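Novice: Let me begin by handing over the structure; questions about it come next.
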């Protein structure tokens, strides 16, 4: 019996898996979102003026929002007038030093870049649970250090380390949850996590509204992380990972444990051993020496890069709207919420599926960004008054949020279990490169006001078109090994493809191109080449 069949016996989404979903897709994502966007408040610039002429850095008079916070020391000529503190007022990151706020954001995503690729390989080797728990514990520690750091260089270092842990453990937690539930619930779990990430942005804005000291704010948000860590100590290891590693007894015990916690009366069963094609030695060569994985990976790397670039680029650009920073941040998160129910409906619709939804959201989001250059301001009164740069930017944010949600789910289904975490880590690595670059894209407006949106739009449309070259995974069984990639059930499904999945293996041979024995031998040769390269 395969793992998927065993999960049907013990429960694909029972009581305990609902608890795991609440822990890893709700509570954890609320905390992860906080650490990911915390710099939007910690790095906010309070209104200020120069004591010599009461003028702000750009030559306009500063606004009074609350008690004055005069600067001290060598920066004593600066007076901050806001009713909140930030790293800007702490270390005087104004004027020529203002760029250092963007650097702190890029440093974080640089850490995430390291985390997603290194944690992927670590969890494939040492297990999902120990790598996830260790990463979460270290993130809480480094985040507390970040709140207490006395100097800006140490602040940058701890932000980098928080990024490493946040990016790495979030990816592993996502895979761990998916490998503990039935494949038919992967989309729901992924959408729930993305939904809670958006809620986490609004939650952080609410907390920041009441806590105006950046140090106290950065410290208290880790209470949630510590609570999630305590609850994570008792979760099981992934049965799919144990099975892929050839640890059949432990995999069976893990599945039986899920059954008991789901209150299922499960009879004994025996898992079939799997080919040890790359379970113990998978690395980047395993992916790029396989033609199918290589094509999928190259396309998905660009898609992940674009999703991150446009998502964070539009988020940072929303800061130019003016008004209350807490309200703007909350709306930025809440604006994503409509994307997820729509996304859930479309990715499970047989006429759209994963591939069609991803391509559609990317193209619509990119098209909205391109339209901004045609309507830079308000278009007047009447129905067309809603067609302005702010509305189109919000539409782009909504669509790219949906695409970001789909790309996690879709990537999980494109890779076999033996390299799933590694493959997602490689793709997610390029997403973080997009995050590193994103803080600097809005600065292109100094060359031409529409240039940032042209970049976002062109990137989104190109990624959407390229994603059409990928296979559809809706209703297809999850591949476990490299050999499964060439099996008929894993090929692109036709309208009646779902029915084909239940036909005997002998009948499936009629739907393949060429001899199935030749395909299997070719795949085994590829596996041997991978092992030889390692």
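In case you wondered, yes, glycine gets a Cβ from its N, Cα and C as well.
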Novice: Which residue, chosen from 52, 399, is annotated N-linked glycosylation site in Swiss-Prot?
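Specialist: Checking Swiss-Prot against 52, 399, the N-linked glycosylation site entry points to 52.
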Novice: So, do the transmembrane segment (161-181) and the transmembrane segment (424-444) meet, by the test of 3 or more Cβ pairs under 8 Å (sequence gap 6 or more)?
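Specialist: The transmembrane segment (424-444) and the transmembrane segment (161-181): touching, yes.
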Novice: Could you name the stretch, out of 136-156, 327-347, 356-376, 450-470, with the greatest number of CB pairs under 8 A to the transmembrane segment (191-211)?
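Specialist: Most Cβ pairs under 8 Å with the transmembrane segment (191-211) come from 327-347.
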Novice: So for residue 83 (N-linked glycosylation site), how many other CB atoms are inside 10 Å of its CB?
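Specialist: So the number of other Cβ atoms within 10 Å of residue 83 (N-linked glycosylation site) is 14.
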Novice: Would you mind listing the long-range same-chain contacts of the transmembrane segment (97-117), meaning Cβ under 8 Å and 6+ residues beyond its ends?
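Specialist: Here the qualifying positions are 36, 39, 43, 45, 57, 87-88, 91, 135, 152, 155-156, 159-169, 171, 312, 316, 424-426, 428-429, 431-433, 435-440.
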Novice: Restricting to CB pairs under 8 Å, which listed stretch, 136-156, 297-317, 327-347, 391-411, 450-470, is in contact most with the transmembrane segment (356-376)?
Specialist: 450-470
Novice: Counting only residues 6 or more past its boundaries, what in the same chain has a CB within less than 8 Å of a CB in the transmembrane segment (327-347)?
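Specialist: Residues packing against the transmembrane segment (327-347) from afar: 33, 37, 40-41, 187-188, 191, 194-195, 198-202, 204-206, 208, 315, 318-319, 321, 353-354, 356-357, 360-361, 394, 397-399, 401-402, 405-406, 409, 474.
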